[in-house]
Amino acid sequence: MLVLVPTAVKRGVELVRSRVCKASSNLIGDFCSRMKRVPVLALLLWICLLFYVGIWIFLSGFLLVKVEVNRSSSCKDELFSKHYSSHTEHFCWSEPRFKRAVILVIDALRFDFARFDPEIKDPRPFQNKLGVLSEVVASRPAHARLYPFRADAPTTTMQRIKGFTTGSLPTFVDVCSNFGTNAIQEDNLIHQLGQNGKRVVFMGDDTWENLFPNQFHRSLPFPSFIVKDLHTVDNGILQHLYSTVESSDWDVVIAHFLGVDHCGHRYGPDHQAMADKLTQMDQVVRSVIERLQNDTLLVVLGDHGMTDTGDHGGDSQKETDAALFLYSPSALFTAGQEKALQEVVPQIDLVPTLAQLLGIPIPYSNIGKVMVELFALGSPEDQSAQERRQAEALWINAKQVNRYLDTYSLANKDLSPVILAHLKDTFLLAAAEYKALFGGPLAGGPEHSSRVQALIATFQQYLNQVRETCQASWARFHPLRMAAGIAVLAAACALCFITSDFADVVSASYRRLLWIPIVCGAVAGGGVALWQFVTRSEVDVLSSLGMAALVSQLSFFWNFCRRKATRVFASEPSDLLNAAADSAQQRPALTWPCVPLVIFFLRCASLFSDSYVVAEGRVATFLLSTLAIYIPVQLNWAGRLLLPFEAQKSTPPCLPPQPSTPAASSSYKKESLTLLGCTGFLVVSLYASHSFHGCRDEQGGCEPSAFLTPLSGLRDIQLRNFRYLLSVSSVIAWVCLVRRWMRHYGNMNSKSPAVLVARFGLPLVAMFVCLYWAMSSAPYEGFGNLQEVVKLALLVFPRAVYVLFGLGVTVVCWDPLTVFLKTRKEPATSLLPPTYRASTGVSLQAELQHLIPHIYQRMRKSLRAGEREGTGREDDGQPTVEAYGLGTVYSAPLLLVLAQLGLVLAMLHPEGLMLSFMLLLLQACAILHMHSAATSLSTPGSRAGCFSVSWSAVLMWGLAATQFFYSTGHLPTFPSIQWNSAFVGLSEVHAGHLAPALLVTLNTFSSQILFAVSCPLLLLWPLVCETTKAGKRGRRAGEGEDGEEAVMEMRLRENPDRFSTALLQLGARYLFIHGAQLLASVCAAAILRRHLMVWKIFAPKFIFEASGFAVTSVCVLLGLALVMRVDSAVSDWFKRLIPDHSR
């Protein structure tokens, strides 16, 4: 039998001395047994899968993806060979105006970047730098024109390239594919150019090579995902552009410059680097203009704009308004047109315009409208010829669009038949008028001219209506799928709530409440799939999964109700009444969820208001502060905060005795003051964290935090150095606090691999993070000849961090124990008297402060009995084992992993946000201490208080995750995504886009990740804090017959089943908090789907909530799995510690 006898405290760590004696083996089993790990994780995983299925079903009805028509236009199309034109038959659809074209794509060329305003006396870095465009328009108005070029959301590069090459509209959900640039399957300009013998030479952004593989005559792609590199792509283009333009081996040259976009991402538009880059682009355009021939068209365009912070992806005007510049040495416009009001040109209108100017077929799926002013050829006196050419261009365009509508309506029924019929009638009337005007001998006169002008207006109106109809159709919803998705999500939330509040019932019947529902769901889903395959020879995976989810949920509810009914009817009425009365009397004051859940549901209700969503960062801060203040107010209302109350007759075994003496009362008041102090600090720090918030476009007058600006974007060198020192100091404080905590609780004494990670791995990670920030804080140009070395360092340092983090997590999972064992021989005569004190120089309270008397308490009577009977003496001198760090055996590995993870996530953010991460650590500690003090002060009347986490604590933890999301500069909008994180530690050539997408996910949801992984600390922390309480309560804590010692986390080893039930309850409650927020966001998007701000506010919020829940659920499972891995290691450790013959 294993006996632990307390000895002296050394260096502030708990110390336990064990002796091996003869005794029964039933006690040993308590410490060597294992919890129910697989059922707990399986149940939580099943709940998560139910949420995933609900999200998928709702997405399929809310974000519909349009059907792509995989057909191509051709010169041999019969429809266009008889269009009643005056052209000869050797032309394809229409006569080309130009033989060649040079297309310069300047990524993120916002319209005000390209416009020159002479009234600006002190221009900002992005103003009046691209003066060549305005100069040419002013000096040669018949040869050039500058247009506002409006993009459709999402304003990401891949979607914009797709838009101005296919003439189609990417849907809202297409933003998710910006990292996965798969080849375009729809008909497009590049395909038509190659199909009709045009030699296309491409150079620049390698996204084009992925979208149009093997379609270029010659291709010179350069890597596009290294945002911090402003010059590699542009300089690579300039090495080949001028020589290519001067040669004759091409028909179309496409050059995609990235420097302006990368400069915006790295520095923002208001930086000297932007001025330098725009000046370079000005010189590029001038040089190309000088080399053009008369039969060549120059197109300079921006694919999208950028915000004032250099981001893009949304639908604000600064993101959608790019520039379009058209120029040719030969006249483009007739005299007088240059004085007309310049209209905003939709990007898709460039597709039919370029196709007809170059004499190639318009792509099949185009819904754009030709720019008619480019087809008004002839002298100003010959107005009828100009009108005829404009009408002919629109006629060809309208026939192509009408054909596409006919084909699309057959493939997909989402277009309204009434609207289709109206559009068809409009087209037929216009076609009849066109044939009447141009089908016979050409006529003239004022009446003919007015009819032609009316026809042109009719064609333009028809094309505009088609575009509006398609936009509305591709935003149509599927109400049945949306309702089914909401039903699955609501049932999953109810299942989560039941599991959290009735965890003991669920854990007692995993077969009925887990495995049977899973089997029923699998059978139902498989049956639906089989029926679909038999009847339709195809399987709709979504409907099968939906049926499986609904049936499994119904099975759970049915079995749960039966289980509860069985327990009720199996009990006597008097027993039920007594149990209910005892439960109401003994339940902790803070476990009643009424007020916390009311606060939480108010938070969910705020998601239905666009103004609250815009101000969610401040709303989350207010609600979290309110809940923090509610805890001491509720305790004071119950008389448990400032004044001690009478001890109950039966003190709960899981907590120290209640205060009954002046000393104990003093300690009790100290805990109350700790609670109040942590509350005050938390409220102050929450509002201080607003210093790190970003700004939405809807927040007028808001200034984003200066800490969001990377160090490389600061011009003041002294300010840059000061900010860097603050960041480094925060990193050092982060490491020191974690190591100090582990040293205080004795987790740094062992030579185990996990302790080596804490000693060496964690400081190395911190060092490489600081070195990476130092290298990235200055532009490449500032290093002179060491640029290559710096580039290498920018790859090596982050990769070293990734490797060290991976090794550290692997080592902790392999051997998570940080317990130090020290064995030595003691004389057989060293027997302990019943009133044993380890040292006369150490007070009793200090002696008991860091002990693990869980085993000691249960062995004490046995030891005393053995001494009185003479059996406690060991004749041969048994080995004594001193164990350091056993009281925090669960929390220490978890904190070690979190410390490394936090540094990795901080590295993916701007350097200044390390202060925010440090504030996160302090806020989390404040919440944990508040939870611990509140748990102690609420004094539950049953042993369940030690194995349960209150709703208040879980809700505070979830709100803190939301609040910290905003405190790191993130917003639920696509432009606010910190894309720079995608390139931390990645080389210029990397395989695929999985790694950048993963890094962006880690950056965006860093708060959800940290709080989800650390969720088990809510259960562990009150036990850790017992070490400062037990020795100060009671007359002689631990000495009385009914006394209870501070056993810390070893108490969880008393009852592994209760431990696993507590983890199940905690995981279910945390998932419920985030699942309910997701459900509220889903309902808001569904109910307000016709709201003006649905695509600007509610849809992005829903997507961020869904993504955040997916990340949170995975991390919660990982955090719980780590605790279970530690529990398994502790069981194995006890088995090794206890000899075989004792077991």
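Backbone N, Cα and C atoms are what each Cβ position is placed from, and that goes for glycine too.
Annotation comment: TrEMBL describes 43-65 (among others) as transmembrane segment. Residues 171-174, 414, 474-482, 484-489, 491-492, 495-496, 499, 506, 510, 513-514, 517-518, 542, 545-546, 548-549, 552-553, 1064, 1067-1068, 1071, 1075, 1078, 1082, 1085-1086, 1089, 1099, 1102, 1106, 1109-1110, 1113-1114, 1116-1117, 1120 of the same chain lie 6 or more positions beyond the ends of the transmembrane segment (43-65) yet place their CB under 8 Å from a CB of it.
TrEMBL lists 480-502 (among others) with the feature transmembrane segment. Nonlocal intrachain contacts for the transmembrane segment (480-502), taken as residues 6+ away from its ends with a CB within less than 8 angstroms of a stretch CB, comprise 43, 47, 50-51, 53-62, 542, 546, 549-550, 553, 556-557, 560, 564, 1064-1065, 1068-1069, 1071-1072, 1075-1076, 1078-1079, 1082-1083, 1086.
Summarising the annotation, TrEMBL assigns transmembrane segment to 514-535 (among others).
Tertiary proximity for the transmembrane segment (541-561) is limited to same-chain residues at least six positions away from its ends with a CB under 8 Å from its CB atoms, namely 46, 49-50, 53-54, 56-57, 60, 481, 484, 487-488, 491-492, 494-495, 498, 502, 505-506, 509, 512-513, 516-518, 520-529, 532. Among the features that TrEMBL reports, transmembrane segment is placed at 541-561 (among others).
Annotation source TrEMBL lists transmembrane segment at 754-775 (among others).
The feature transmembrane segment is assigned by TrEMBL to 795-814 (among others).
A Cβ distance under 8 Å defines the sequence-distant neighbours of the transmembrane segment (883-907), meaning residues of its chain 6+ beyond its ends; these are 13-16, 18, 731, 734-735, 738, 741-742, 745-750, 754, 757-758, 761-762, 765-766, 769, 772-773, 798, 801-802, 804-805, 808-809, 812, 816-822, 850, 852, 913-914, 917, 920-921, 984, 1002-1003, 1006, 1009-1010, 1013-1014, 1016-1017, 1020-1021, 1024, 1027, 1046-1050, 1052, 1119, 1122-1123, 1126-1127, 1130. As annotated by TrEMBL, transmembrane segment applies to 883-907 (among others).
Marked as transmembrane segment by TrEMBL: 913-932 (among others).
According to TrEMBL, the feature transmembrane segment maps to 944-966 (among others).
The transmembrane segment annotation in TrEMBL covers 1005-1025 (among others). Here the transmembrane segment (1005-1025) has long-range neighbours at 745, 887-888, 890-891, 894-895, 897-898, 901-902, 905, 908-909, 920, 924, 928-929, 931-933, 935-936, 946-947, 949, 953-954, 957-958, 960-965, 967-968, 970, 1047-1049, 1051-1052, 1062-1063, 1066-1067, 1070, 1074, 1107-1108, 1111-1116, 1118-1120, 1122-1123, meaning same-chain residues at least 6 beyond its ends whose C-beta is under 8 angstroms from one of its own.
The feature transmembrane segment is assigned by TrEMBL to 1068-1088 (among others). Same-chain residues lying 6+ beyond the ends of the transmembrane segment (1068-1088) with a Cβ under 8 Å from its Cβ atoms: 44, 47-48, 51, 55, 58, 62, 477, 482, 485-486, 489-490, 492-493, 496-497, 499-500, 503, 600-601, 603-605, 607-608, 949, 951, 954-955, 957-958, 962, 1008, 1012, 1015, 1094, 1098-1099, 1101-1102, 1105-1106, 1108-1109, 1112-1113, 1116.
TrEMBL lists 1108-1126 (among others) with the feature transmembrane segment.
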Folded-back contacts onto the transmembrane segment (754-775), same chain, C-beta under 8 angstroms, at least six residues removed: 711, 724, 727-728, 731-732, 734-735, 738-739, 742, 747-748, 790, 793-794, 797-798, 800-801, 804-805, 807-808, 811-812, 815-818, 892-893, 896, 899-900, 903-904, 906-907, 911, 984
Stretch of maximal Cβ-Cβ contact with the transmembrane segment (795-814) [cut-off: under 8 Å; candidates 913-932, 944-966, 1108-1126]: 1108-1126
